[in-house]
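Novice: Pasting a structure below so you can have a look.
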Amino acid sequence: MKYLSTTACVLAVLATGAWADPDDDELVINGDIEIVTQTAAPAHLEGVMDTIYSGWRFRSDETQSVQADDFDNPGMLGVEVGIDLWNAVEGTEGESCASCHGSPEEMAGVSATYPKWNEEAGEVRTLTMQVNDCRENRMGAEPYAYDKGDAVNMTALLTSVSRGMPMDVAIDGPAQSTWEAGKELYYTRFGQLELSCANCHEDNYGSMIRADHLSQGQINGFPTYRLKNTKLNGVQSRFKGCIRDTRAATFNPGSPELIALELYVASRGNGLSVEGPSVRN
Amino acid sequence: MADGVKPRVRVPKEASAGEAIQIKTLISHPMESGQRKDDDGNTIPRSIINRFTVEFEGENVIDVMLEPAISTNPYFEFEATVPTSGTFVFTWYDDDGDVYTEEKAITVA
Amino acid sequence: MQITRRDALTLGAGALTLAALPMPVFAATADVDAAIAEFTGGAEMGADGIILTAPEIAENGNTVPIEVSAPGAAAIMVLATGNPTPKVGTINFGPLAAAQFASTRIRLAGTQDVMAIARMQDGSFVQASAEVKVTIGGCGG
(Lines of atoms letter the chains of each structure in order from A and count residues from 1; the text may use other names and numbers.)
(Lines give C-alpha, C1' and ligand atoms only; values in the text may rest on other atoms or scores of the structure.)
Protein backbone atom coordinates (compact mmCIF):
# COMPACT_ATOMS: atom_id res chain seq x y z
CA MET A 1 0.00 0.00 0.00
CA LYS A 2 3.01 2.25 -0.30
CA TYR A 3 1.62 4.13 -3.27
CA LEU A 4 -1.26 5.35 -1.19
CA SER A 5 1.02 7.33 1.10
CA THR A 6 2.88 8.72 -1.90
CA THR A 7 -0.39 9.97 -3.34
CA ALA A 8 -1.25 11.61 -0.06
CA CYS A 9 2.11 13.39 0.01
CA VAL A 10 1.72 14.74 -3.50
CA LEU A 11 -1.71 16.09 -2.65
CA ALA A 12 -0.35 17.74 0.48
CA VAL A 13 2.37 19.52 -1.49
CA LEU A 14 -0.18 20.75 -4.01
CA ALA A 15 -2.34 22.08 -1.22
CA THR A 16 0.45 24.01 0.47
CA GLY A 17 1.97 25.38 -2.72
CA ALA A 18 4.48 23.61 -4.93
CA TRP A 19 6.42 26.83 -5.57
CA ALA A 20 7.95 29.07 -3.03
CA ASP A 21 10.66 31.59 -3.79
CA PRO A 22 11.30 33.46 -7.02
CA ASP A 23 13.21 31.40 -9.57
CA ASP A 24 16.86 31.88 -10.55
CA ASP A 25 16.35 32.83 -14.21
CA GLU A 26 18.14 35.80 -15.74
CA LEU A 27 16.60 38.24 -18.20
CA VAL A 28 18.49 39.64 -21.18
CA ILE A 29 16.22 41.33 -23.73
CA ASN A 30 17.08 40.89 -27.42
CA GLY A 31 20.33 39.26 -26.33
CA ASP A 32 21.46 42.78 -25.52
CA ILE A 33 19.71 44.64 -22.68
CA GLU A 34 20.65 43.13 -19.32
CA ILE A 35 17.86 43.48 -16.80
CA VAL A 36 18.50 43.56 -13.05
CA THR A 37 15.66 41.44 -11.63
CA GLN A 38 17.13 41.04 -8.14
CA THR A 39 19.08 43.48 -6.02
CA ALA A 40 19.57 44.76 -2.49
CA ALA A 41 16.48 46.51 -1.14
CA PRO A 42 16.68 50.32 -0.91
CA ALA A 43 17.62 51.79 2.47
CA HIS A 44 14.08 52.79 3.38
CA LEU A 45 13.07 49.09 3.40
CA GLU A 46 15.62 48.22 6.09
CA GLY A 47 14.10 45.76 8.53
CA VAL A 48 11.30 44.99 6.05
CA MET A 49 13.11 43.01 3.36
CA ASP A 50 16.70 42.51 2.28
CA THR A 51 16.26 41.71 -1.40
CA ILE A 52 13.89 43.03 -4.03
CA TYR A 53 12.79 41.01 -7.07
CA SER A 54 11.12 41.95 -10.32
CA GLY A 55 7.73 40.30 -10.89
CA TRP A 56 9.36 38.61 -13.91
CA ARG A 57 11.09 36.21 -11.52
CA PHE A 58 7.75 34.87 -10.29
CA ARG A 59 6.38 33.94 -13.70
CA SER A 60 6.51 30.64 -15.60
CA ASP A 61 9.28 29.99 -18.12
CA GLU A 62 6.77 30.35 -20.97
CA THR A 63 5.64 33.80 -19.83
CA GLN A 64 9.21 34.88 -19.08
CA SER A 65 10.45 34.00 -22.55
CA VAL A 66 7.86 36.21 -24.26
CA GLN A 67 9.58 39.26 -22.74
CA ALA A 68 13.07 38.22 -23.80
CA ASP A 69 12.58 39.21 -27.46
CA ASP A 70 10.88 42.40 -28.63
CA PHE A 71 9.37 40.58 -31.60
CA ASP A 72 7.67 38.07 -29.33
CA ASN A 73 6.53 40.73 -26.84
CA PRO A 74 3.06 42.01 -27.88
CA GLY A 75 3.61 45.01 -25.57
CA MET A 76 5.93 46.34 -28.26
CA LEU A 77 2.86 46.84 -30.48
CA GLY A 78 1.97 49.66 -28.07
CA VAL A 79 5.49 51.06 -28.37
CA GLU A 80 5.08 51.16 -32.16
CA VAL A 81 1.87 53.15 -31.77
CA GLY A 82 3.77 55.34 -29.28
CA ILE A 83 6.37 56.16 -31.93
CA ASP A 84 3.63 57.35 -34.30
CA LEU A 85 2.15 59.48 -31.50
CA TRP A 86 5.60 60.87 -30.71
CA ASN A 87 6.04 62.13 -34.26
CA ALA A 88 2.47 63.36 -34.79
CA VAL A 89 1.86 67.11 -34.82
CA GLU A 90 -1.23 67.78 -32.70
CA GLY A 91 -2.92 70.79 -31.12
CA THR A 92 -2.95 74.51 -31.76
CA GLU A 93 0.80 75.15 -31.52
CA GLY A 94 1.86 72.99 -34.46
CA GLU A 95 4.18 70.91 -32.32
CA SER A 96 4.86 67.22 -31.84
CA CYS A 97 6.81 65.52 -29.04
CA ALA A 98 9.63 65.12 -31.55
CA SER A 99 9.80 68.80 -32.46
CA CYS A 100 11.05 69.65 -28.94
CA HIS A 101 12.60 66.40 -27.71
CA GLY A 102 14.10 64.88 -30.86
CA SER A 103 14.07 61.09 -31.05
CA PRO A 104 12.43 58.97 -28.35
CA GLU A 105 15.90 57.68 -27.43
CA GLU A 106 16.69 61.19 -26.14
CA MET A 107 14.33 60.34 -23.28
CA ALA A 108 16.42 57.39 -22.09
CA GLY A 109 16.48 57.36 -18.29
CA VAL A 110 13.59 59.78 -17.83
CA SER A 111 10.94 57.21 -16.91
CA ALA A 112 13.22 55.75 -14.21
CA THR A 113 12.86 58.93 -12.13
CA TYR A 114 9.06 59.15 -12.20
CA PRO A 115 6.89 59.89 -10.21
CA LYS A 116 8.83 63.06 -9.51
CA TRP A 117 8.40 66.44 -7.78
CA ASN A 118 7.68 69.28 -10.19
CA GLU A 119 8.88 72.54 -8.63
CA GLU A 120 6.90 74.87 -10.87
CA ALA A 121 3.63 73.06 -10.32
CA GLY A 122 4.34 72.33 -6.67
CA GLU A 123 3.21 68.70 -6.95
CA VAL A 124 4.44 65.17 -7.50
CA ARG A 125 3.81 64.18 -11.09
CA THR A 126 3.63 60.79 -12.76
CA LEU A 127 5.03 60.31 -16.24
CA THR A 128 1.49 60.37 -17.62
CA MET A 129 0.80 63.71 -15.91
CA GLN A 130 3.99 65.16 -17.35
CA VAL A 131 3.09 63.97 -20.87
CA ASN A 132 -0.35 65.55 -20.48
CA ASP A 133 1.18 68.79 -19.22
CA CYS A 134 3.26 68.94 -22.40
CA ARG A 135 0.21 68.21 -24.53
CA GLU A 136 -1.98 70.86 -22.91
CA ASN A 137 0.50 73.66 -22.26
CA ARG A 138 3.10 73.27 -25.01
CA MET A 139 1.20 71.60 -27.85
CA GLY A 140 -2.25 73.04 -27.18
CA ALA A 141 -3.63 69.49 -27.52
CA GLU A 142 -6.18 67.51 -25.54
CA PRO A 143 -4.71 65.56 -22.63
CA TYR A 144 -4.81 61.76 -22.89
CA ALA A 145 -7.39 60.02 -20.71
CA TYR A 146 -5.45 58.68 -17.74
CA ASP A 147 -4.13 55.12 -18.32
CA LYS A 148 -6.24 54.70 -21.48
CA GLY A 149 -4.91 53.52 -24.87
CA ASP A 150 -2.72 56.37 -26.11
CA ALA A 151 -1.53 57.38 -22.62
CA VAL A 152 -0.30 53.84 -22.02
CA ASN A 153 1.19 53.53 -25.52
CA MET A 154 3.13 56.76 -24.95
CA THR A 155 4.43 55.71 -21.52
CA ALA A 156 5.37 52.30 -22.99
CA LEU A 157 7.50 54.11 -25.57
CA LEU A 158 9.16 56.18 -22.84
CA THR A 159 9.89 53.16 -20.61
CA SER A 160 11.10 51.06 -23.55
CA VAL A 161 13.98 53.46 -24.19
CA SER A 162 14.94 53.33 -20.48
CA ARG A 163 15.01 49.53 -20.22
CA GLY A 164 17.99 48.24 -18.29
CA MET A 165 18.42 51.50 -16.36
CA PRO A 166 17.84 51.36 -12.60
CA MET A 167 14.63 52.72 -11.09
CA ASP A 168 15.63 55.81 -9.16
CA VAL A 169 12.75 57.85 -7.76
CA ALA A 170 13.48 60.54 -5.17
CA ILE A 171 11.60 60.20 -1.89
CA ASP A 172 13.07 63.05 0.13
CA GLY A 173 12.79 66.82 -0.07
CA PRO A 174 9.47 68.18 -1.34
CA ALA A 175 8.31 64.69 -2.47
CA GLN A 176 8.53 63.30 1.04
CA SER A 177 5.02 64.14 2.24
CA THR A 178 3.48 62.51 -0.87
CA TRP A 179 5.74 59.48 -0.33
CA GLU A 180 4.60 59.23 3.30
CA ALA A 181 0.96 59.38 2.16
CA GLY A 182 1.66 56.57 -0.32
CA LYS A 183 3.35 54.51 2.37
CA GLU A 184 0.35 54.87 4.63
CA LEU A 185 -1.95 53.66 1.84
CA TYR A 186 0.37 50.68 1.21
CA TYR A 187 -0.11 49.49 4.78
CA THR A 188 -3.84 50.30 5.02
CA ARG A 189 -6.21 47.34 4.94
CA PHE A 190 -8.98 47.86 2.41
CA GLY A 191 -12.26 46.18 1.59
CA GLN A 192 -14.30 43.35 2.96
CA LEU A 193 -11.23 41.13 2.75
CA GLU A 194 -9.32 43.64 4.88
CA LEU A 195 -6.15 43.33 2.87
CA SER A 196 -3.36 45.85 2.53
CA CYS A 197 -0.80 45.82 -0.27
CA ALA A 198 1.70 44.60 2.33
CA ASN A 199 -0.40 41.59 3.38
CA CYS A 200 0.17 39.96 0.00
CA HIS A 201 3.23 41.58 -1.53
CA GLU A 202 5.42 42.07 1.56
CA ASP A 203 4.32 39.32 3.97
CA ASN A 204 3.52 36.58 1.47
CA TYR A 205 5.43 37.08 -1.78
CA GLY A 206 6.60 33.74 -3.11
CA SER A 207 3.51 31.97 -1.80
CA MET A 208 0.60 30.83 -3.90
CA ILE A 209 -2.65 32.77 -3.73
CA ARG A 210 -4.95 30.16 -5.24
CA ALA A 211 -3.16 29.31 -8.51
CA ASP A 212 -1.11 32.50 -8.70
CA HIS A 213 2.50 32.96 -7.59
CA LEU A 214 2.54 36.15 -5.50
CA SER A 215 5.22 38.66 -6.44
CA GLN A 216 6.51 41.62 -4.48
CA GLY A 217 4.17 43.84 -6.47
CA GLN A 218 7.08 45.79 -7.97
CA ILE A 219 6.13 48.24 -10.72
CA ASN A 220 9.41 48.51 -12.62
CA GLY A 221 7.77 46.52 -15.46
CA PHE A 222 4.83 48.86 -16.16
CA PRO A 223 3.16 49.39 -18.54
CA THR A 224 2.60 45.63 -18.57
CA TYR A 225 1.17 43.43 -21.32
CA ARG A 226 -1.05 40.97 -19.47
CA LEU A 227 -1.88 37.59 -20.97
CA LYS A 228 -5.17 37.88 -19.10
CA ASN A 229 -6.54 40.86 -21.03
CA THR A 230 -4.06 40.85 -23.94
CA LYS A 231 -3.33 44.56 -23.75
CA LEU A 232 -0.96 47.03 -22.16
CA ASN A 233 -2.02 47.98 -18.62
CA GLY A 234 -1.04 51.16 -16.81
CA VAL A 235 0.20 50.87 -13.25
CA GLN A 236 -2.60 52.88 -11.68
CA SER A 237 -5.21 50.73 -13.43
CA ARG A 238 -3.50 47.73 -11.84
CA PHE A 239 -3.66 49.41 -8.42
CA LYS A 240 -7.34 50.12 -9.00
CA GLY A 241 -7.99 46.47 -9.85
CA CYS A 242 -5.98 45.17 -6.92
CA ILE A 243 -7.82 47.34 -4.39
CA ARG A 244 -11.16 46.50 -6.04
CA ASP A 245 -10.35 42.80 -5.59
CA THR A 246 -10.18 43.32 -1.83
CA ARG A 247 -13.88 44.19 -2.29
CA ALA A 248 -13.30 47.84 -1.49
CA ALA A 249 -14.60 51.03 -3.04
CA THR A 250 -11.44 51.60 -5.05
CA PHE A 251 -9.57 54.69 -6.29
CA ASN A 252 -9.42 55.88 -9.88
CA PRO A 253 -6.29 56.27 -12.01
CA GLY A 254 -5.06 59.85 -11.72
CA SER A 255 -6.46 60.30 -8.20
CA PRO A 256 -4.18 61.85 -5.52
CA GLU A 257 -4.25 58.54 -3.62
CA LEU A 258 -2.93 56.47 -6.53
CA ILE A 259 -0.33 59.12 -7.46
CA ALA A 260 1.04 58.89 -3.91
CA LEU A 261 0.87 55.10 -3.96
CA GLU A 262 2.71 54.98 -7.29
CA LEU A 263 5.55 57.08 -5.87
CA TYR A 264 5.83 54.87 -2.80
CA VAL A 265 5.66 51.54 -4.65
CA ALA A 266 8.10 52.79 -7.30
CA SER A 267 10.54 53.65 -4.50
CA ARG A 268 10.35 50.09 -3.16
CA GLY A 269 11.82 49.02 -6.51
CA ASN A 270 14.68 51.54 -6.61
CA GLY A 271 17.62 49.60 -8.04
CA LEU A 272 15.63 47.19 -10.24
CA SER A 273 15.86 47.82 -13.98
CA VAL A 274 13.12 49.57 -15.90
CA GLU A 275 11.41 46.73 -17.83
CA GLY A 276 8.32 48.27 -19.43
CA PRO A 277 6.63 47.07 -21.49
CA SER A 278 6.91 43.82 -19.57
CA VAL A 279 4.85 40.63 -19.98
CA ARG A 280 2.91 39.15 -17.07
CA ASN A 281 -0.03 36.79 -16.56
CA MET B 1 -11.38 46.84 -41.22
CA ALA B 2 -10.52 46.19 -37.61
CA ASP B 3 -8.71 49.16 -36.08
CA GLY B 4 -4.93 49.36 -35.95
CA VAL B 5 -4.19 46.10 -37.77
CA LYS B 6 -0.48 46.04 -38.51
CA PRO B 7 1.50 43.02 -39.73
CA ARG B 8 5.04 42.43 -38.52
CA VAL B 9 7.50 39.92 -39.95
CA ARG B 10 11.04 38.91 -39.05
CA VAL B 11 13.08 37.29 -41.85
CA PRO B 12 16.89 37.19 -42.06
CA LYS B 13 18.27 39.47 -44.80
CA GLU B 14 20.63 36.80 -46.12
CA ALA B 15 20.81 33.01 -46.26
CA SER B 16 22.62 30.30 -48.13
CA ALA B 17 20.73 28.17 -50.68
CA GLY B 18 18.80 25.36 -49.01
CA GLU B 19 19.46 26.64 -45.49
CA ALA B 20 16.56 26.38 -43.04
CA ILE B 21 15.69 29.91 -41.99
CA GLN B 22 13.54 30.91 -39.05
CA ILE B 23 10.60 33.23 -39.70
CA LYS B 24 8.44 34.92 -37.09
CA THR B 25 5.20 36.78 -37.77
CA LEU B 26 2.82 38.74 -35.58
CA ILE B 27 -0.19 40.80 -36.61
CA SER B 28 -2.03 43.13 -34.26
CA HIS B 29 -5.65 41.94 -34.31
CA PRO B 30 -8.26 41.43 -31.55
CA MET B 31 -9.35 37.97 -32.83
CA GLU B 32 -12.86 38.52 -31.45
CA SER B 33 -14.01 34.95 -30.85
CA GLY B 34 -17.78 35.35 -31.11
CA GLN B 35 -18.01 33.75 -27.65
CA ARG B 36 -17.87 36.96 -25.63
CA LYS B 37 -20.68 39.25 -24.52
CA ASP B 38 -20.65 43.03 -24.14
CA ASP B 39 -21.77 44.93 -21.02
CA ASP B 40 -25.41 44.74 -22.14
CA GLY B 41 -25.28 40.97 -22.53
CA ASN B 42 -25.26 40.98 -26.33
CA THR B 43 -22.90 38.57 -28.08
CA ILE B 44 -19.98 40.39 -29.70
CA PRO B 45 -19.87 39.09 -33.29
CA ARG B 46 -16.91 36.98 -34.39
CA SER B 47 -14.19 38.92 -36.20
CA ILE B 48 -10.93 37.09 -36.75
CA ILE B 49 -8.07 36.53 -39.15
CA ASN B 50 -9.19 33.23 -40.69
CA ARG B 51 -6.27 32.42 -43.01
CA PHE B 52 -2.57 33.20 -43.17
CA THR B 53 -0.34 32.27 -46.10
CA VAL B 54 3.35 32.62 -46.89
CA GLU B 55 4.73 32.31 -50.41
CA PHE B 56 8.18 32.75 -51.87
CA GLU B 57 8.32 33.67 -55.55
CA GLY B 58 4.94 32.00 -56.10
CA GLU B 59 5.77 28.80 -54.21
CA ASN B 60 4.00 27.99 -50.95
CA VAL B 61 5.75 27.81 -47.58
CA ILE B 62 2.78 27.48 -45.24
CA ASP B 63 -0.97 28.01 -45.50
CA VAL B 64 -2.75 28.19 -42.14
CA MET B 65 -6.49 28.05 -41.41
CA LEU B 66 -7.14 29.94 -38.17
CA GLU B 67 -10.06 29.44 -35.80
CA PRO B 68 -11.24 31.71 -32.94
CA ALA B 69 -9.03 29.73 -30.52
CA ILE B 70 -5.93 31.49 -31.86
CA SER B 71 -4.92 34.21 -29.36
CA THR B 72 -5.22 37.97 -29.82
CA ASN B 73 -2.37 39.34 -31.99
CA PRO B 74 -1.81 36.03 -33.89
CA TYR B 75 1.79 34.85 -33.71
CA PHE B 76 3.45 32.20 -35.88
CA GLU B 77 6.97 30.88 -36.01
CA PHE B 78 8.08 28.40 -38.72
CA GLU B 79 10.97 27.50 -41.01
CA ALA B 80 11.51 27.98 -44.76
CA THR B 81 14.16 27.18 -47.34
CA VAL B 82 14.91 29.43 -50.29
CA PRO B 83 16.56 28.25 -53.51
CA THR B 84 17.49 31.71 -54.82
CA SER B 85 17.29 35.38 -53.90
CA GLY B 86 13.71 36.63 -53.96
CA THR B 87 10.77 37.94 -51.99
CA PHE B 88 8.48 36.42 -49.39
CA VAL B 89 4.86 37.48 -49.52
CA PHE B 90 2.87 37.20 -46.27
CA THR B 91 -0.93 37.49 -46.49
CA TRP B 92 -3.52 37.62 -43.71
CA TYR B 93 -7.26 37.30 -44.52
CA ASP B 94 -9.77 39.04 -42.23
CA ASP B 95 -13.37 37.85 -41.67
CA ASP B 96 -14.52 41.28 -42.85
CA GLY B 97 -12.96 40.73 -46.28
CA ASP B 98 -9.86 42.83 -45.71
CA VAL B 99 -6.50 41.41 -46.76
CA TYR B 100 -3.23 42.53 -45.21
CA THR B 101 0.09 41.83 -46.92
CA GLU B 102 3.74 42.28 -46.13
CA GLU B 103 6.78 41.54 -48.30
CA LYS B 104 10.35 40.74 -47.31
CA ALA B 105 13.29 40.30 -49.67
CA ILE B 106 16.08 37.85 -48.92
CA THR B 107 19.46 37.53 -50.61
CA VAL B 108 20.91 34.08 -51.22
CA ALA B 109 24.69 34.24 -51.33
CA MET C 1 -4.42 -7.42 0.31
CA GLN C 2 -5.85 -5.72 3.35
CA ILE C 3 -6.90 -2.14 3.53
CA THR C 4 -6.15 -0.72 6.93
CA ARG C 5 -8.20 1.96 8.58
CA ARG C 6 -5.39 4.45 7.97
CA ASP C 7 -5.24 3.59 4.28
CA ALA C 8 -8.98 3.99 4.01
CA LEU C 9 -8.76 7.45 5.57
CA THR C 10 -5.94 8.44 3.22
CA LEU C 11 -7.93 7.25 0.25
CA GLY C 12 -10.92 9.20 1.45
CA ALA C 13 -8.89 12.38 1.87
CA GLY C 14 -7.42 11.96 -1.59
CA ALA C 15 -10.83 11.51 -3.13
CA LEU C 16 -12.14 14.59 -1.36
CA THR C 17 -9.22 16.70 -2.53
CA LEU C 18 -9.71 15.54 -6.10
CA ALA C 19 -13.42 16.31 -5.91
CA ALA C 20 -12.63 19.84 -4.73
CA LEU C 21 -10.46 20.59 -7.76
CA PRO C 22 -12.28 22.59 -10.45
CA MET C 23 -13.74 20.27 -13.06
CA PRO C 24 -12.52 20.84 -16.58
CA VAL C 25 -14.98 22.08 -19.16
CA PHE C 26 -15.42 19.68 -22.04
CA ALA C 27 -16.61 20.41 -25.52
CA ALA C 28 -19.18 17.94 -26.67
CA THR C 29 -17.17 14.81 -27.50
CA ALA C 30 -19.23 14.66 -30.67
CA ASP C 31 -17.70 17.95 -31.85
CA VAL C 32 -14.20 16.64 -31.26
CA ASP C 33 -15.01 13.36 -33.03
CA ALA C 34 -16.55 15.25 -35.94
CA ALA C 35 -13.49 17.48 -36.33
CA ILE C 36 -11.19 14.44 -36.29
CA ALA C 37 -13.37 12.56 -38.78
CA GLU C 38 -13.43 15.57 -41.09
CA PHE C 39 -9.63 15.68 -41.12
CA THR C 40 -8.81 11.96 -41.17
CA GLY C 41 -11.87 10.51 -42.87
CA GLY C 42 -11.98 8.00 -40.03
CA ALA C 43 -8.51 6.56 -40.74
CA GLU C 44 -6.50 4.89 -37.96
CA MET C 45 -3.99 7.17 -36.26
CA GLY C 46 -0.46 6.21 -35.21
CA ALA C 47 1.41 7.85 -32.36
CA ASP C 48 4.99 8.07 -33.69
CA GLY C 49 6.55 10.93 -35.61
CA ILE C 50 4.64 13.83 -34.12
CA ILE C 51 5.58 16.03 -31.20
CA LEU C 52 3.23 18.47 -29.50
CA THR C 53 4.90 20.77 -27.00
CA ALA C 54 2.66 22.65 -24.58
CA PRO C 55 3.15 23.89 -21.01
CA GLU C 56 2.00 21.53 -18.28
CA ILE C 57 0.57 24.55 -16.47
CA ALA C 58 -0.53 27.69 -18.33
CA GLU C 59 -0.53 30.89 -16.29
CA ASN C 60 -3.44 32.20 -18.29
CA GLY C 61 -5.69 30.35 -20.74
CA ASN C 62 -5.90 33.40 -23.02
CA THR C 63 -2.37 32.97 -24.34
CA VAL C 64 -0.90 29.47 -24.25
CA PRO C 65 2.24 28.85 -26.34
CA ILE C 66 2.25 25.58 -28.28
CA GLU C 67 4.59 24.01 -30.82
CA VAL C 68 3.89 21.17 -33.27
CA SER C 69 6.40 19.19 -35.28
CA ALA C 70 5.83 16.19 -37.58
CA PRO C 71 8.64 15.56 -40.08
CA GLY C 72 7.14 14.58 -43.42
CA ALA C 73 3.66 15.93 -42.68
CA ALA C 74 1.52 17.55 -45.34
CA ALA C 75 -0.69 19.22 -42.73
CA ILE C 76 -1.15 19.38 -38.97
CA MET C 77 -4.51 20.08 -37.32
CA VAL C 78 -4.65 21.29 -33.69
CA LEU C 79 -7.71 20.69 -31.49
CA ALA C 80 -8.51 22.02 -28.02
CA THR C 81 -10.76 19.21 -26.88
CA GLY C 82 -12.22 21.22 -24.00
CA ASN C 83 -13.04 24.46 -25.82
CA PRO C 84 -16.64 25.41 -26.74
CA THR C 85 -15.54 24.86 -30.35
CA PRO C 86 -12.61 22.46 -30.47
CA LYS C 87 -10.91 23.55 -33.72
CA VAL C 88 -7.81 25.72 -33.22
CA GLY C 89 -6.22 25.72 -36.66
CA THR C 90 -4.71 23.69 -39.47
CA ILE C 91 -1.25 24.29 -40.85
CA ASN C 92 -0.63 23.14 -44.43
CA PHE C 93 3.03 22.85 -45.37
CA GLY C 94 4.14 23.82 -48.87
CA PRO C 95 7.24 22.72 -50.81
CA LEU C 96 9.36 25.51 -49.32
CA ALA C 97 8.68 24.68 -45.66
CA ALA C 98 12.10 23.71 -44.28
CA ALA C 99 10.50 21.67 -41.52
CA GLN C 100 6.98 20.56 -40.77
CA PHE C 101 7.05 22.67 -37.66
CA ALA C 102 5.13 25.67 -36.31
CA SER C 103 4.75 27.53 -33.07
CA THR C 104 1.80 29.74 -32.09
CA ARG C 105 -0.29 30.99 -29.14
CA ILE C 106 -3.76 29.62 -28.44
CA ARG C 107 -6.79 30.10 -26.17
CA LEU C 108 -7.87 27.35 -23.79
CA ALA C 109 -11.19 27.67 -21.94
CA GLY C 110 -9.96 25.52 -19.05
CA THR C 111 -7.80 22.55 -18.09
CA GLN C 112 -8.00 20.07 -20.97
CA ASP C 113 -6.19 17.93 -23.52
CA VAL C 114 -4.75 19.65 -26.57
CA MET C 115 -4.46 17.33 -29.58
CA ALA C 116 -2.39 17.56 -32.75
CA ILE C 117 -3.04 15.30 -35.73
CA ALA C 118 -0.69 15.17 -38.71
CA ARG C 119 -1.63 14.00 -42.19
CA MET C 120 1.58 12.56 -43.59
CA GLN C 121 2.56 12.85 -47.25
CA ASP C 122 1.70 9.15 -47.75
CA GLY C 123 -1.85 9.78 -46.52
CA SER C 124 -1.42 8.14 -43.11
CA PHE C 125 -2.23 9.92 -39.84
CA VAL C 126 -0.43 10.29 -36.51
CA GLN C 127 -1.57 12.10 -33.39
CA ALA C 128 -0.22 13.39 -30.08
CA SER C 129 -1.97 14.88 -27.03
CA ALA C 130 -0.86 16.95 -24.08
CA GLU C 131 -2.81 17.94 -21.01
CA VAL C 132 -2.58 21.62 -20.13
CA LYS C 133 -3.71 22.77 -16.71
CA VAL C 134 -5.14 26.26 -16.99
CA THR C 135 -4.92 28.39 -13.86
CA ILE C 136 -6.54 31.68 -12.98
CA GLY C 137 -5.24 34.59 -10.96
CA GLY C 138 -5.25 34.91 -7.20
CA CYS C 139 -8.07 37.39 -6.70
CA GLY C 140 -9.56 37.20 -10.18
CA GLY C 141 -7.68 40.45 -10.79
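From the backbone N, Cα and C atoms, a Cβ is placed for every residue, glycine too.
Quick paste of what TrEMBL says about this protein:
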SIGNAL    A:1-20  signal peptide
DOMAIN    A:82-167  domain 'Cytochrome c'
BINDING   A:Cys97, A:Cys100, A:His101, A:Cys134  heme c 1 binding site
DOMAIN    A:182-274  domain 'Cytochrome c'
BINDING   A:Cys197, A:Cys200, A:His201, A:Cys242  heme c 2 binding site
BINDING   A:Arg238  substrate binding site
ACT_SITE  A:Cys242  active site, cysteine persulfide intermediate
Novice: Can you figure out which of A:Cys97, A:Cys100, A:His101, A:Cys134, A:Arg238 (the binding-site residues) comes closest in space to A:Cys197 (heme c 2 binding site), comparing Cα atoms?
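Specialist: With Cα distances computed to A:Cys197 (heme c 2 binding site), the winner among A:Cys97, A:Cys100, A:His101, A:Cys134, A:Arg238 is A:Arg238.
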Novice: If I take the alpha carbons of A:Arg238 (substrate binding site) and A:His201 (heme c 2 binding site), what is the distance between them in whole Å?
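Specialist: With distance taken Cα to Cα, A:His201 (heme c 2 binding site) is 14 Å from A:Arg238 (substrate binding site).
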Novice: If you take the centroid of the Cβ atoms of A:Cys197, A:Cys200, A:His201, A:Cys242, the listed heme c 2 site, which other residues of that chain have their Cβ within 8 Å of it?
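Specialist: Along the chain, the qualifying residues are A:Leu195, A:Ser196, A:Ala198, A:Asn199, A:Glu202, A:Gly217.
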Novice: Please report the distance from the Cα of A:Cys242 (heme c 2 binding site) to the Cα of A:Cys134 (heme c 1 binding site), rounded to the nearest angstrom.
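Specialist: Cα-Cα, rounded: 30 Å.
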Novice: For the heme c 2 site as recorded (A:Cys197, A:Cys200, A:His201, A:Cys242), determine the largest distance between any two Cα atoms, in Å, rounded to the nearest integer.
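Specialist: Comparing all Cα pairs, the maximum is 11 Å.
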Novice: Between all pairs in A:Cys97, A:Cys100, A:His101, A:Cys134 (listed as heme c 1 binders), what's the biggest Cα distance, rounded to the nearest Å?
Specialist: 11
Novice: Taking all residues of the domain 'Cytochrome c' (A:182-274) together, what is their mean pLDDT?
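Specialist: A mean pLDDT of 96 is what the predicted model shows over the domain 'Cytochrome c' (A:182-274).
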Novice: Write out which of the listed binding-site residues, namely A:Cys100, A:His101, A:Cys197, A:His201, A:Cys242, lie with a C-beta under 8 A from a C-beta of chain C, sequence order kept, or 'none'.
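Specialist: Among the binding-site residues A:Cys100, A:His101, A:Cys197, A:His201, A:Cys242, the ones whose Cβ sits under 8 Å from a Cβ of chain C are A:Cys242.
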